[in-house]
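J.: Pulled these features from TrEMBL for this protein:
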TRANSMEM  12-33  transmembrane segment
DOMAIN    103-138  domain 'EF-hand'
DOMAIN    139-174  domain 'EF-hand'
DOMAIN    187-222  domain 'EF-hand'
Amino acid sequence: MLTLEWESEGLQTVGIVVIIFASLKLLHLLGLIDFSEDTVEDEMEMATVRHRPEALELLEAQSKFTKKELQILYRGFKNECPSGVVNEETFKDIYSQFFPQGDSTTYAHFLFNAFDTDHNGSVSFEDFVMGLSILLRGTVQEKLNWAFNLYDINKDGYITKEEMLDIMKAIYDMMGKCTYPILKEDAPRQHVETFFQKMDKNKDGVVTIDEFIESCQKDENIMRSMQLFENVI
């Protein structure tokens, strides 16, 4: 499916799918398929870590996960990140394990910045939960807002061609040229041009959040990609 979408006109679909797909890979690495019944509630209270997670009840109210799901999430997060936070290098290491055929360094950097909402150089359990809550359980509007934030690298409220090109190159590098050998070197730039033709409604050279959301909501492929990994936990 990804191959077909990569070669299609709407390459932005791949970007959104890969965001969710990569996050699902992260869930798998953190052991979130383990539904054992032993409680982790006491662990959350007693664990000696630099960062203490917020109370389960508060996270349950703020996110779209149940208490049980949050317990499972925390168990995996704590096992992989005993300090209670994830830094960018850890993020890069995680993604390199799941995309060994390519170079995921740049994409992991962009994705880390999207999860690091307060831009303090680390992703806490709360940051992680709230990001996954949007990607896996959020409304279409919330998911598209999150995706826009990823593409808006300098966080100025606009997506430029340069920013989109950086994201597209990062995705291509991560998936690996051996996966898509028929693509020409200038393919990412050509796809960016197509992206802007569709989304830059007023032709001012940048895409706003309103233009982005409006165009995505009219694209059936993107709308389907928004539902690929709902309720995976």
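Every residue, even glycine, has its Cβ placed from backbone N, Cα and C.
Remember, predicted model here, so these are calculated numbers, not experimental data.
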J.: Summarise the model confidence on the domain 'EF-hand' (187-222) as a single mean pLDDT, whole number.
T.: 88
J.: Taking helix as H, G and I and strand as E and B in DSSP, count the residues of the domain 'EF-hand' (187-222) in helix, strand and coil.
T.: 25 helix, 3 strand, 8 coil
J.: Could you break down the residues of the domain 'EF-hand' (139-174) into DSSP helix, strand and coil, giving a count for each?
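T.: Reading the DSSP string over the domain 'EF-hand' (139-174) gives 26 helix, 3 strand, 7 coil.
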